[in-house]
Amino acid sequence: MSNQHPKKVLEMVIRALIVDDSALIRKVLSDILNQDPKIAVIGTAINGEDGLEKVRKLKPDVVLLDNIMPVLDGLKTLSHIMEEFPTPVVIVSALGEKAEEITLTALEYGAVDVIEKPSGILSQSMHEMAEEICAKVRAVSKADLNNLGCIRDLEHQIPENHRKKKNSLREKTSVRNVLAIGASTGGPRALEKLIGSFPAEIPAAVLIVQHMPPGFTASLSKRLDAKSALRVKEAQEGDIMEEGTVFIAPGDYHMEIVRNKVNGFGEDTVHLSCGPKELGSRPSVNVLFRSVARIYGPRVISLVLTGMNCDGADGAEEIKKMGGKVIAEDQSSCVIYGMPGEIVRRNLADFVLPLDKMADEIVKIVR
């Protein structure tokens with residue numbers, strides 16, 4: 001096959017299979033991945049049925065899978081892969097509400113991460129994303145598939161005493177605590193489990209930075225809102241901080257909190273910006289963490305969940321300096337132990353907890 005690099009396949013490299021019905025996307029992704037000395041494209045497939053045959057035959061280390069295809073669509077293909085040949089899968093997704101919803105469902109079904117399929121001049125925009133694409137493939141090749149259990153019907157797992165009818169017009173009170181959360185690869189699944197475990201009356205505002213392409217965070221917010229006792233929304237410029245509400249940074253925007261006080265009165269609000277990426281990410285966990293450390297000091301509880309690289313560690317240092325608490329997800333429940341691992345390596349964690357123990361500990365702290 002013309003897109004393969006036989007010489008590299010003989011070495012200790014990550015063996016990638018690309019499944020996409022677009023010949024252009026297959027070629028562009030192949031060109032990008034084959035330029036990375038640690039990755040070799042061992043095959044391509046034109047639809048899900050073809051992809052399953054190639055997975056059976058080639059046994060790749062990572063599959064890049066289009067979410068919308070003829071013959072056998074991405075979700076059905078993913079389900080077969082995870083049931084028959086568990087393999088780290090990265091969803092290659094188009095924009096649009098339908099595609100974004102399918103992608104989030106795929107993440108629930110066992111996909112590890114998502115990359116955006118650009119619109120417009122495909123080849124040019126794809127090559128601009130080359131570094132991110134290669135980094136994700138390298139990271140997901142190390143994913144712990146034991147922690148990719150599906151989180152379906154999560155609403156039924158929420159204790160009855162945690163549920164209440166949501167009220168978008170909550171009584172405005174000063175924010176007593178701030179829970180700041182950072183996540184990357186594996187994060188959407190972890191967030192569903194964590195946010196769905198909080199009681200409605202938790203005395204804290206919740207701020208989340210999840211590394212995702214633009215558009216997907218809006219769909220993620222709606223999905224979490226439907227499965228949580230808390231109100232969950234994609235953050236907007238000027239949103240007023242309030243307890244019992246979860247604010248998710250929109251894709252491609254940094255999220256900070258600013259204090260608007262005049263003569264001692266005013267409210268803390270969300271500020272969004274398109275400033276430079278930090279550690280290759282926008283939104284950045286570090287940007288959020290530094291912001292809440294400055295304003296809330298010892299009232300901050302920060303969580304660093306599953307994810308690649310080390311975003312959040314520098315910000316966690318600032319939170320510690322200001323008297324706040326830092327919680328890192330234990331490796332036993334992480335899909336990728338990059339971000340929380342860096343917290344532990346720097347000795348910044350007050351607690352190191354598996355995902356299913358976090359909510360109870362946080363409720364104890366804030367109450």
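Note that Cβ sites are derived from N, Cα and C of the backbone, with glycine treated the same way.
Bear in mind that the values here come from a model prediction, so they are computed numbers and not experimental data.
What Swiss-Prot says about this protein:
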type     : residues : note
ACT_SITE : S184     : active site
ACT_SITE : H211     : active site
ACT_SITE : D311     : active site
DOMAIN   : 15-132   : domain 'Response regulatory'
DOMAIN   : 172-367  : domain 'CheB-type methylesterase'
MOD_RES  : D66      : 4-aspartylphosphate
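Here the features listed in Swiss-Prot are placed on the structure.
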residue : record              : DSSP (3 states)
D66     : 4-aspartylphosphate : strand
S184    : active site         : coil
H211    : active site         : coil
D311    : active site         : coil
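For the domain 'Response regulatory' (15-132), residue counts in helix, strand and coil come to 57 helix, 26 strand, 35 coil, using DSSP. Rounded to a whole number, the C-alpha distance linking D66 (4-aspartylphosphate) with H211 (active site) is 20 angstrom. In sequence order, G182, S184, H211, E278, L279, S281, S284, V285, N286, M339 make up the list of same-chain residues 6 or more apart from D311 (active site) whose Cβ falls under 8 Å from its Cβ. Within the model, the domain 'Response regulatory' (15-132) shows a mean pLDDT value of 89, rounded to a whole number.
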